[in-house]
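The structure under discussion appears below in the form of C-alpha coordinates.
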(Lines of atoms letter the chains of each structure in order from A and count residues from 1; the text may use other names and numbers.)
(Lines give C-alpha, C1' and ligand atoms only; values in the text may rest on other atoms or scores of the structure.)
Protein backbone atom coordinates (compact mmCIF):
# COMPACT_ATOMS: atom_id res chain seq x y z
CA UNK A 1 0.00 0.00 0.00
CA UNK A 2 1.45 3.36 -1.01
CA UNK A 3 0.86 6.67 0.72
CA UNK A 4 -1.07 9.48 -0.99
CA UNK A 5 1.65 12.10 -0.73
CA UNK A 6 4.13 9.80 -2.44
CA UNK A 7 1.73 8.82 -5.25
CA UNK A 8 3.22 6.05 -7.33
CA UNK A 9 6.15 4.41 -5.52
CA UNK A 10 6.73 1.23 -7.57
CA UNK A 11 8.67 1.56 -10.81
CA UNK A 12 6.75 -1.47 -12.15
CA UNK A 13 3.83 -3.55 -10.91
CA UNK A 14 5.79 -6.77 -10.48
CA UNK A 15 7.58 -8.64 -7.71
CA UNK A 16 10.80 -7.04 -9.01
CA UNK A 17 9.24 -3.61 -8.48
CA UNK A 18 8.26 -4.55 -4.92
CA UNK A 19 11.78 -5.85 -4.20
CA UNK A 20 13.40 -2.65 -5.50
CA UNK A 21 11.03 -0.59 -3.32
CA UNK A 22 11.93 -2.63 -0.19
CA UNK A 23 15.66 -2.28 -0.95
CA UNK A 24 15.37 1.47 -1.65
CA UNK A 25 15.22 2.25 2.08
CA UNK A 26 11.91 4.11 1.62
CA UNK A 27 9.87 1.08 2.69
CA UNK A 28 10.20 0.93 6.48
CA UNK A 29 6.80 -0.28 7.70
CA UNK A 30 5.52 -3.55 6.25
CA UNK A 31 2.23 -5.11 7.35
CA UNK A 32 1.45 -8.75 6.51
CA UNK A 33 -2.11 -10.08 6.38
CA UNK A 34 -2.19 -13.87 6.32
CA UNK A 35 -4.72 -16.70 6.30
CA UNK A 36 -4.92 -20.50 6.25
CA UNK A 37 -3.14 -20.73 2.87
CA UNK A 38 0.24 -20.02 4.50
CA UNK A 39 -0.08 -23.17 6.65
CA UNK A 40 -1.37 -25.72 4.12
CA UNK A 41 2.18 -26.72 3.12
CA UNK A 42 2.78 -27.57 6.82
CA UNK A 43 0.00 -30.17 6.50
CA UNK A 44 -2.79 -28.11 8.10
CA UNK A 45 -5.99 -28.08 5.99
CA UNK A 46 -7.57 -24.74 5.13
CA UNK A 47 -11.28 -24.27 5.79
CA UNK A 48 -12.96 -23.81 2.44
CA UNK A 49 -11.10 -25.77 -0.28
CA UNK A 50 -13.60 -28.20 -1.89
CA UNK A 51 -12.78 -31.80 -0.99
CA UNK A 52 -9.68 -31.16 1.14
CA UNK A 53 -10.80 -28.23 3.33
CA UNK A 54 -11.76 -28.66 6.95
CA UNK A 55 -15.44 -27.95 6.39
CA UNK A 56 -15.65 -30.67 3.72
CA UNK A 57 -14.36 -33.33 6.15
CA UNK A 58 -16.45 -33.00 9.29
CA UNK A 59 -19.12 -35.64 8.52
CA UNK A 60 -17.94 -37.91 11.38
CA UNK A 61 -18.97 -35.28 13.94
CA UNK A 62 -22.68 -35.30 12.90
CA UNK A 63 -22.91 -31.52 12.96
CA UNK A 64 -26.10 -29.73 11.91
CA UNK A 65 -23.86 -27.72 9.47
CA UNK A 66 -20.02 -27.54 9.24
CA UNK A 67 -19.55 -24.10 10.80
CA UNK A 68 -21.37 -25.29 13.98
CA UNK A 69 -18.05 -26.72 15.20
CA UNK A 70 -16.89 -23.11 15.74
CA UNK A 71 -20.23 -21.68 16.90
CA UNK A 72 -20.13 -20.56 20.54
CA UNK A 73 -23.77 -21.50 21.34
CA UNK A 74 -23.35 -24.98 19.82
CA UNK A 75 -20.02 -25.44 21.66
CA UNK A 76 -21.59 -24.73 25.06
CA UNK A 77 -24.09 -27.58 24.54
CA UNK A 78 -21.94 -29.96 22.45
CA UNK A 79 -18.23 -29.29 23.12
CA UNK A 80 -17.11 -32.80 22.06
CA UNK A 81 -16.75 -32.22 18.27
CA UNK A 82 -14.54 -29.15 18.77
CA UNK A 83 -12.19 -30.93 21.19
CA UNK A 84 -11.99 -34.01 18.94
CA UNK A 85 -11.00 -31.73 16.04
CA UNK A 86 -8.56 -29.87 18.32
CA UNK A 87 -6.77 -33.18 18.98
CA UNK A 88 -6.27 -33.64 15.22
CA UNK A 89 -5.07 -30.09 14.57
CA UNK A 90 -3.37 -29.29 17.88
CA UNK A 91 -0.45 -26.83 17.67
CA UNK A 92 2.96 -28.41 18.13
CA UNK A 93 2.43 -31.19 15.61
CA UNK A 94 3.39 -29.03 12.63
CA UNK A 95 6.43 -27.01 11.50
CA UNK A 96 6.24 -23.39 10.27
CA UNK A 97 6.54 -22.88 6.52
CA UNK A 98 8.88 -20.79 4.33
CA UNK A 99 6.17 -18.12 4.47
CA UNK A 100 6.23 -17.97 8.29
CA UNK A 101 10.03 -17.66 8.29
CA UNK A 102 9.90 -14.94 5.62
CA UNK A 103 7.80 -12.87 8.06
CA UNK A 104 10.33 -13.65 10.80
CA UNK A 105 13.06 -12.36 8.46
CA UNK A 106 11.13 -9.11 7.91
CA UNK A 107 10.99 -8.78 11.72
CA UNK A 108 14.73 -9.48 12.13
CA UNK A 109 15.52 -6.83 9.51
CA UNK A 110 13.37 -4.26 11.34
CA UNK A 111 10.81 -3.99 8.53
CA UNK A 112 7.76 -5.76 10.02
CA UNK A 113 5.30 -3.40 11.70
CA UNK A 114 2.76 -6.16 12.37
CA UNK A 115 1.43 -9.45 11.08
CA UNK A 116 -2.37 -9.71 11.14
CA UNK A 117 -3.21 -13.42 11.08
CA UNK A 118 -6.50 -15.27 10.75
CA UNK A 119 -4.82 -18.51 11.81
CA UNK A 120 -5.15 -20.33 15.13
CA UNK A 121 -2.24 -22.76 14.60
CA UNK A 122 0.32 -20.55 16.48
CA UNK A 123 2.94 -21.25 13.76
CA UNK A 124 3.84 -17.55 13.63
CA UNK A 125 4.95 -17.81 17.27
CA UNK A 126 6.86 -21.05 16.60
CA UNK A 127 8.67 -19.26 13.75
CA UNK A 128 9.82 -16.53 16.15
CA UNK A 129 7.22 -13.77 15.94
CA UNK A 130 6.29 -12.53 19.41
CA UNK A 131 3.08 -11.19 20.90
CA UNK A 132 3.96 -7.60 19.99
CA UNK A 133 4.59 -8.51 16.32
CA UNK A 134 1.31 -10.35 15.98
CA UNK A 135 -2.40 -9.70 15.88
CA UNK A 136 -4.07 -13.09 16.13
CA UNK A 137 -7.39 -11.80 14.81
CA UNK A 138 -9.19 -15.11 15.36
CA UNK A 139 -7.50 -15.77 18.69
CA UNK A 140 -5.00 -18.42 19.73
CA UNK A 141 -4.48 -21.72 21.56
CA UNK A 142 -1.75 -19.94 23.55
CA UNK A 143 -4.13 -19.32 26.49
CA UNK A 144 -7.59 -20.58 27.52
CA UNK A 145 -10.35 -19.21 29.75
CA UNK A 146 -13.38 -20.47 31.63
CA UNK A 147 -16.48 -19.58 29.56
CA UNK A 148 -18.43 -18.39 32.63
CA UNK A 149 -18.67 -14.58 32.65
CA UNK A 150 -18.53 -14.62 36.45
CA UNK A 151 -15.31 -16.65 36.57
CA UNK A 152 -13.12 -16.28 33.42
CA UNK A 153 -10.21 -18.13 35.09
CA UNK A 154 -7.18 -18.36 32.77
CA UNK A 155 -5.43 -21.64 31.90
CA UNK A 156 -2.09 -22.31 30.19
CA UNK A 157 -1.47 -23.98 26.84
CA UNK A 158 0.06 -27.03 28.63
CA UNK A 159 -3.00 -27.43 30.87
CA UNK A 160 -5.32 -27.38 27.84
CA UNK A 161 -3.09 -29.74 25.86
CA UNK A 162 -3.17 -32.33 28.69
CA UNK A 163 -6.99 -32.15 28.80
CA UNK A 164 -7.40 -32.41 25.02
CA UNK A 165 -5.09 -35.43 24.68
CA UNK A 166 -6.48 -37.23 27.71
CA UNK A 167 -9.88 -36.88 25.99
CA UNK A 168 -11.31 -35.08 29.03
CA UNK A 169 -13.70 -32.24 28.27
CA UNK A 170 -11.84 -29.32 29.94
CA UNK A 171 -13.75 -28.04 32.97
CA UNK A 172 -12.86 -25.13 35.25
CA UNK A 173 -11.23 -26.06 38.59
CA UNK A 174 -12.99 -23.12 40.26
CA UNK A 175 -16.57 -23.25 38.99
CA UNK A 176 -16.96 -26.39 36.88
CA UNK A 177 -17.90 -24.54 33.65
CA UNK A 178 -16.34 -25.39 30.28
CA UNK A 179 -12.86 -24.05 29.51
CA UNK A 180 -12.26 -22.94 25.92
CA UNK A 181 -9.01 -22.03 24.12
CA UNK A 182 -8.92 -18.30 23.38
CA UNK A 183 -9.79 -18.75 19.72
CA UNK A 184 -12.60 -16.58 18.40
CA UNK A 185 -15.76 -18.55 17.63
CA UNK A 186 -18.61 -17.33 15.46
CA UNK A 187 -20.74 -15.20 17.77
CA UNK A 188 -17.75 -13.83 19.72
CA UNK A 189 -15.99 -10.48 19.41
CA UNK A 190 -12.53 -10.12 17.92
CA UNK A 191 -9.73 -9.15 20.33
CA UNK A 192 -9.60 -5.42 21.18
CA UNK A 193 -6.01 -5.28 19.95
CA UNK A 194 -7.23 -6.09 16.42
CA UNK A 195 -9.04 -2.75 16.23
CA UNK A 196 -6.53 -0.59 18.13
CA UNK A 197 -3.59 -1.90 16.09
CA UNK A 198 -5.48 -1.50 12.85
CA UNK A 199 -6.03 2.21 13.56
CA UNK A 200 -2.43 2.67 14.67
CA UNK A 201 -0.59 0.57 12.07
CA UNK A 202 -2.32 1.19 8.75
CA UNK A 203 -1.81 4.98 8.51
CA UNK A 204 1.99 4.44 8.59
CA UNK A 205 2.05 1.34 6.37
CA UNK A 206 4.47 1.52 3.41
CA UNK A 207 3.75 -1.94 2.02
CA UNK A 208 0.89 -4.36 2.67
CA UNK A 209 1.62 -8.02 1.84
CA UNK A 210 -1.45 -10.31 1.70
CA UNK A 211 -0.82 -14.07 1.64
CA UNK A 212 -2.92 -17.20 1.91
CA UNK A 213 -6.33 -15.61 2.36
CA UNK A 214 -9.24 -15.19 -0.03
CA UNK A 215 -10.46 -12.30 2.17
CA UNK A 216 -13.95 -13.82 2.47
CA UNK A 217 -14.28 -13.80 6.26
CA UNK A 218 -15.38 -10.59 7.98
CA UNK A 219 -14.24 -8.47 9.67
CA UNK A 220 -10.74 -9.52 8.58
CA UNK A 221 -11.64 -8.99 4.91
CA UNK A 222 -12.67 -5.39 5.50
CA UNK A 223 -9.21 -4.69 6.93
CA UNK A 224 -7.85 -4.06 3.43
CA UNK A 225 -10.62 -1.62 2.57
CA UNK A 226 -10.50 0.04 5.98
CA UNK A 227 -6.71 0.20 5.89
CA UNK A 228 -6.74 1.83 2.49
CA UNK A 229 -9.33 4.29 3.75
CA UNK A 230 -7.00 5.17 6.65
CA UNK A 231 -4.13 5.63 4.20
CA UNK A 232 -6.36 7.87 2.08
CA UNK A 233 -7.44 5.50 -0.70
CA UNK A 234 -10.97 4.35 -1.32
CA UNK A 235 -11.99 1.10 -2.97
CA UNK A 236 -10.13 -2.18 -3.09
CA UNK A 237 -7.31 -3.65 -5.15
CA UNK A 238 -6.61 -2.80 -8.78
CA UNK A 239 -4.14 -5.15 -10.45
CA UNK A 240 -4.81 -4.85 -14.16
CA UNK A 241 -7.01 -1.92 -15.20
CA UNK A 242 -5.61 0.97 -17.26
CA UNK A 243 -5.50 3.00 -14.06
CA UNK A 244 -3.53 0.41 -12.04
CA UNK A 245 -0.47 2.00 -10.45
CA UNK A 246 -0.08 0.51 -6.99
CA UNK A 247 -1.18 -3.11 -6.49
CA UNK A 248 0.79 -6.20 -7.49
CA UNK A 249 -0.55 -9.78 -7.74
CA UNK A 250 1.91 -12.68 -7.74
CA UNK A 251 0.12 -15.98 -8.35
CA UNK A 252 1.91 -18.99 -6.86
CA UNK A 253 1.96 -20.95 -3.64
CA UNK A 254 2.73 -18.77 -0.62
CA UNK A 255 6.08 -20.51 -0.06
CA UNK A 256 7.17 -20.12 -3.70
CA UNK A 257 6.10 -16.45 -3.70
CA UNK A 258 8.09 -15.72 -0.52
CA UNK A 259 11.14 -17.55 -1.86
CA UNK A 260 10.88 -15.66 -5.17
CA UNK A 261 10.71 -12.31 -3.36
CA UNK A 262 13.58 -13.35 -1.04
CA UNK A 263 15.70 -14.17 -4.09
CA UNK A 264 15.02 -10.75 -5.65
CA UNK A 265 15.96 -9.15 -2.32
CA UNK A 266 19.20 -11.16 -2.11
CA UNK A 267 17.89 -13.00 0.97
CA UNK A 268 17.24 -16.46 -0.55
CA UNK A 269 20.22 -18.27 0.97
CA UNK A 270 19.61 -16.64 4.36
CA UNK A 271 15.94 -17.72 4.27
CA UNK A 272 16.80 -21.30 3.23
CA UNK A 273 19.37 -21.52 6.03
CA UNK A 274 16.86 -20.19 8.57
CA UNK A 275 14.21 -22.76 7.56
CA UNK A 276 16.77 -25.59 7.69
CA UNK A 277 18.18 -24.49 11.07
CA UNK A 278 14.79 -23.89 12.72
CA UNK A 279 13.28 -27.16 11.44
CA UNK A 280 16.33 -29.07 12.74
CA UNK A 281 15.85 -27.42 16.16
CA UNK A 282 12.18 -28.46 16.23
CA UNK A 283 13.12 -32.04 15.23
CA UNK A 284 15.77 -32.27 17.98
CA UNK A 285 13.26 -30.99 20.56
CA UNK A 286 10.71 -33.57 19.39
CA UNK A 287 13.28 -36.39 19.71
CA UNK A 288 14.18 -35.18 23.23
CA UNK A 289 10.50 -35.13 24.24
CA UNK A 290 9.96 -38.67 22.88
CA UNK A 291 13.05 -39.94 24.75
CA UNK A 292 11.82 -38.34 27.99
CA UNK A 293 8.36 -39.87 27.50
CA UNK A 294 9.92 -43.30 26.88
CA UNK A 295 12.11 -42.97 29.99
CA UNK A 296 9.06 -42.02 32.07
CA UNK A 297 7.04 -44.99 30.81
CA UNK A 298 10.00 -47.36 31.44
CA UNK A 299 10.47 -46.09 35.01
CA UNK A 300 6.71 -46.38 35.61
CA UNK A 301 6.91 -49.95 34.30
CA UNK A 302 9.88 -50.71 36.60
CA UNK A 303 7.96 -49.33 39.60
CA UNK A 304 4.99 -51.49 38.71
CA UNK A 305 7.30 -54.54 38.42
CA UNK A 306 8.79 -53.81 41.86
CA UNK A 307 5.32 -53.57 43.39
CA UNK A 308 4.30 -56.91 41.85
CA UNK A 309 7.38 -58.65 43.30
CA UNK A 310 6.81 -57.18 46.75
CA UNK A 311 3.24 -58.40 46.64
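Glycine is no exception: its Cβ is also placed from the backbone N, Cα and C atoms.
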Among 260-285, 286-311, TrEMBL marks as region 'Disordered' the stretch 286-311
Any idea which of the binding-site residues 36, 38 has the thinnest Cβ neighbourhood at 10 Å?
36
When the Cα-Cα distance from residue 172 (Zn(2+) binding site) is computed for each of the binding-site residues 36, 38, 118, 213, which gives the smallest value?
118
How long is the line from the C-alpha of residue 118 (NAD(+) binding site) to the C-alpha of residue 138 (active site, proton acceptor), rounded to the nearest angstrom?
5
Using Cα positions only, nearest of the recorded positions to residue 38 (NAD(+) binding site) (138, 146, 151, 175):
138
